[in-house]
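Reading through the structure tokens given below for one structure.
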Amino acid sequence: MNKLITIERHFLEQQKSHPEATGELTDLLNDVAFAAKLVRREVVRAGLADILGMAGTTNVQGEEVKKLDLFANEKIINAIGEHGRFALMGSEENEGTIIPPNNDTGRYILLFDPLDGSSNIDVNVSVGTIFSIYRLTGDDPKEADINDCLQKGSEQVAAGYVIYGSSVMMVYTTGQGVHGFTYDPTIGEFLLSHENITTPERGKYYSINEGSLHQFNDSTVNFINYLKEDDEATGRPYSTRYIGSLVADFHRNLMTGGVFVYPATKGHPNGKLRLMYEANPLAFICEQAGGRATNGKERILDINPTELHQRTPLYIGSKEDVLKAEEFEKEG
């Protein structure tokens, strides 16, 4: 683009188009962008800074924690929490909610996955940060509790992700379209590079771990087989593209068209991805870009959460592809 627009300037211009805006959400998003810069700085030099490998602990999910997971989690909590703009925070790495300092004026809730796909970081595969912002449901920030976090995804006021790859991009929505910013390390700024992102109605790729095919139910297997069949009218067969890093797989399909599938399995009948930290924010972005997201039977953004670390199956991507997946799930 000829006109260089920083992410801060973009947020301000968006704010001006809403006379009722107080500027609080603009400040929150700027805080998130700043935290992303801190995480990016360490991700790109992880092999030199002795923060690769395992930390020797497990998180609330029962998963081994990487050193970089802990670093990213700590940086985001410290960079964002100290400004007093959030009444409460929740991280995939923390069992309970996080009460930020100076939260007595916070009017928002932040939920985030500090480093999605971190199991790939040791082999230099793209990883990402995912975030979701809600309004406080009550009037007193000091009385904020877990119930303020357990809102439907349709109540999100903003969501986004940062992908740390060959370049670093931040993609976000506030319900007014989806915009992407690429980090320019020479000036230390995120610059608008992808305005009003839309995803194709039908894609040509599917992303799923077919190594777990024996764990899938028949309807999921039938859907995958359908995508592999020859049919010129619907652009089949589809090609497989699976990285194993949710942000990277989702981002590629968002830009090129396709469907990401992480279904229920025999080992995880309720799914494995986290509703609040992964599925909800990506579903908000996907729908704003013209796509669709479901658990196979219900729209992701309509699910009533009952737990902070609740899991869900996920079918997300191009609208026609997800609708077809739902057809197979309903038949099954």
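Cβ atoms here come from the backbone N, Cα and C positions, even for glycine.
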Per Swiss-Prot, member of Glu232, Glu278, Glu287 binding Mg(2+) 2 alongside Asp113, Asp116: Glu278
Given Swiss-Prot lists Asp113, Leu115 for Mg(2+) 1, the same-site residue among Glu92, Glu93, Glu95: Glu92
Count of other CB atoms lying within 10 Å of the CB belonging to Asn209 (substrate binding site): 14
Binding-site residues listed as Glu92, Asp113, Asp116, Glu278, least Cβ neighbours within 10 Å: Glu92
Among Ser118, Ser119, the one of these binding-site residues whose Cβ has the fewest neighbouring Cβ atoms within 10 Å: Ser119
Coarse DSSP state, helix versus strand versus coil, of Asp116 (Mg(2+) 2 binding site): strand
